[in-house]
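Visitor: This is the structure I want to talk about, given as structure tokens.
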Amino acid sequence: MALRFPRFSQGLAQDPTTRRIWFGIATAHDFESHDDITEERLYQNIFASHFGQLAIIFLWTSGNLFHVAWQGNFESWVRDPLHVRPIAHAIWDPHFGQPAVEAFTRGGALGPVNIAYSGVYQWWYTIGLRTNEDLYTGALFLLFLSAVSLIAGWLHLQPKWKPSVSWFKNAESRLNHHLSGLFGVSSLAWTGHLVHVAIPGSRGEYVRWNNFLDVLPHPQGLGPLFTGQWNLYAQNPDSSSHLFGTAQGAGTAILTLLGGFHPQTQSLWLTDIAHHHLAIALIFLVAGHMYRTNFGIGHSMKDLLEAHTPPGGRLGRGHKGLYDTINNSVHFQLGLALASLGVITSLVAQHMYSLPAYAFIAQDFTTQAALYTHHQYIAGFIMTGAFAHGAIFFIRDYNPEQNKDNVLARMLDHKEAIISHLSWASLFLGFHTLGLYVHNDVMLAFGTPEKQILIEPIFAQWIQSAHGKTSYGFDVLLSSTNSPAFNAGRSIWLPGWLNAVNENSNSLFLTIGPGDFLVHHAIALGLHTTTLILVKGALDARGSKLMPDKKDFGYSFPCDGPGRGGTCDISAWDAFYLAVFWMLNTIGWVTFYWHWKHITLWQGNVSQFNESSTYLMGWLRDYLWLNSSQLINGYNPFGMNSLSVWAWMFLFGHLVWATGFMFLISWRGYWQELIETLAWAHERTPLANLIRWRDKPVALSIVQARLVGLAHFSVGYIFTYAAFLIASTSGKFG
């Protein structure tokens, strides 16, 4: 008999029902559960899949470059970045009639195209790319890297090239390699690219391989570096009248600390960015030489952790046992990596709009909105994943003997205190915030808006003032003209910062009021509740008073049968599942807030946000309803327009989202009966009965149906908001 899917589980392969397919897909990446898995093979599989991941990333970015070079308008966009709409790629659709062809033929194209709202044009322009040939070259190079990654992944699965377990567990060497080799060297290389290619490019000098060694990035070359006169590299920066991409108003500095934004491009100074990457490179190159490898010098991670005795003995045995616990658990390591990456991704969202690094991206409002929303959603999924793998660690890898009385064990010991405090914070935030919103709603409804409860966010305003925002009149630190910090700031460090903070044309420290105070606390409610569910799921993953033997049932189980009441919905997987709904909900509020605040800022009517955001009806009517009008108008009696694709996606997103509830609410028996009826009818229908199943059709398990429901809910939710966001922003600002 031929080997049936899944090959990694003979038990599943012999299952006579369709469960074989679904469980096979569900456990395909759970290497630990596969037949004949050893620790060595587990690490080698993970290592090889990393190369596969890299290959996919390189292929994807190569595709972006290739399609823009082939079907885009990069060269004409470069000549006029503020007025030419960047094209992502062409559209070929046999359904398009003449009105559709006309509606989607934009940006100087000959036929229908998609407009790029990803910011790649601004990114490539900023780093020195100027022609389609440059884009093709980049696409080919990334294609080559993709192939190299695939070969490397295959190679490391061959017997001769398989790394050993000890190699994977050599934490110090890996730290040194990642810190110095990846972060340090790549940051240094990026500084080199910025100084040698991007900065000359911004000054009208086209540097490529043919003239790379002839064009000096700085008139004095390496002289100042070797003579210690590093300040020369900061002298004569670009002037405020500099036209990006030309020599007009250009300086000669390569590493500066100007602060603020380039007046024409509204983005950070390239010379500041180069300086930043050089500093990062230096820090990481040093950090990557701190840990002890085969040379016998430097820190040992284990010694560091063991030596750390908490003051006053308040934390038991501190970090003893942690080194081996973390180093022997891929789930713990993945949890830490995901937590870090999730936070970084959210920080990217926050900083890409407030401190834009790419030329002219700040004036492309739809791109700004799309990138913020994109990075916040990605961050949400990554962060929830961190807790999921933390819970799996507690179930599969945690050893109570090894961690006696250390910080990890003590977390588990006082989990009731942690969970109840989080619960209290969530309840407090929820009831008070909702109470204020609803009170204000009622006052508006009764025609007495002056009776609203409006709270000024004075602490946040004070913090903004301390950073130099003068409009609140706090007169403190950087907003006080008498303070030493203010005076030093005018000359020594970041002279452009204070101008940028107090200019109302950017997104640095936006003016905040009672509406911001309320939505801030609504978001805090969402964050605390999501955290509560995730933390409880992880801390109760091994067991609870209700179910002390929970860890024996694994990460995802529906219930312990009918004889044991109350054991449904309490697996660690169920906590993750519930938390994802809250995560999506919270990011919904975050993106609504960001988008509405910015739409009113860009349109010059900030009072609309300030007045309408203090009560729920304001959000529903003046943000959601008012801004969905363009969407609902995508198709009308006069034909169609370029927003019609978003109108369709808006409807389709709602459909996918609503489909999710079909899986989330109906139970298993209902589907089993329906499937059996359909199978009966199928087998008795001419032509249809020529096709038979090899597997007996059975309904999804409870956990699987929840996953399918959650996937539809998430995808539909994000599709719907993406269509709303892009249509409402591009409909207003082009």
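Yeah, the Cβs are placed from backbone N, Cα and C, and that goes for glycine too.
Keep in mind the model is a prediction, meaning the values are calculated, not measured.
Feature annotation from Swiss-Prot assigns transmembrane segment to 46-69, 135-158, 175-199, 273-291, 330-353, 369-395, 417-439, 517-535, 575-596, 643-665, 707-727; the stated evidence is sequence analysis. The [4Fe-4S] cluster binding site annotation in Swiss-Prot covers Cys559, Cys568 and rests on sequence analysis. Annotated chlorophyll a B1 binding site per Swiss-Prot: His654, in sequence order, evidence recorded as sequence analysis. The feature chlorophyll a B3 binding site is assigned by Swiss-Prot to Met662, Tyr670. As annotated by Swiss-Prot, phylloquinone binding site applies to Trp671.
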Visitor: Sort out the sequence-distant neighbours of Trp671 (phylloquinone binding site) for me: same chain, 6+ apart, CB within less than 8 Å of its CB, listed by position.
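Guide: Correct list: Ala699, Leu700, Ala705.
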Visitor: Let me spell it out: for each of the binding-site residues (Cys559, Met662), count the other Cβ atoms within 10 Å of that residue's Cβ, using every protein chain shown. Which one has the most?
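Guide: The residue with the most neighbouring Cβ atoms within 10 Å is Cys559.
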Visitor: To the nearest whole angstrom, state the Cα distance for the pair the residue listed as 'chlorophyll a B1 binding site' and Cys559 ([4Fe-4S] cluster binding site).
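Guide: Cα to Cα, the residue listed as 'chlorophyll a B1 binding site' and Cys559 ([4Fe-4S] cluster binding site) are separated by 32 Å.
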Visitor: By a simple count of other Cβ atoms within 10 Å, which of Cys568, His654, Tyr670, the binding-site residues in the record, is least packed?
Guide: Tyr670
Visitor: Quick check for me: are there 3+ Cβ pairs below 8 Å between the transmembrane segment (330-353) and the transmembrane segment (369-395), leaving out pairs under 6 residues apart?
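Guide: Result for the transmembrane segment (330-353) with the transmembrane segment (369-395) is yes.
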Visitor: Applying the under-8 angstroms CB criterion, which one of 46-69, 369-395, 707-727 scores highest with the transmembrane segment (135-158)?
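Guide: Per the Cβ under 8 Å count, 46-69.
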Visitor: How far is it from Cys568 ([4Fe-4S] cluster binding site) to Tyr670 (chlorophyll a B3 binding site), counting Cα to Cα, in Å?
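Guide: That separation, Cα to Cα, works out to 19 Å.
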Visitor: Could you tell me what the rest of the chain brings near the transmembrane segment (643-665), counting residues at least six beyond its ends with Cβ under 8 Å?
Guide: 100, 103-104, 628, 630-635, 700, 705-706, 708-724, 726-727, 730-731
Visitor: Among 46-69, 175-199, 273-291, 417-439, 707-727, which stretch has the most Cβ pairs under 8 Å to the transmembrane segment (369-395)?
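Guide: Ranking 46-69, 175-199, 273-291, 417-439, 707-727 by Cβ pairs under 8 Å to the transmembrane segment (369-395) puts 707-727 first.
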Visitor: Between Met662 (chlorophyll a B3 binding site) and Cys559 ([4Fe-4S] cluster binding site), how many Å separate their Cα atoms?
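Guide: Per the Cα atoms, Met662 (chlorophyll a B3 binding site) and Cys559 ([4Fe-4S] cluster binding site) stand 21 Å apart.
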Visitor: What's the CA to CA span in angstrom from Cys559 ([4Fe-4S] cluster binding site) over to Tyr670 (chlorophyll a B3 binding site)?
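Guide: Cα-Cα distance, Cys559 ([4Fe-4S] cluster binding site) to Tyr670 (chlorophyll a B3 binding site): 18 Å.
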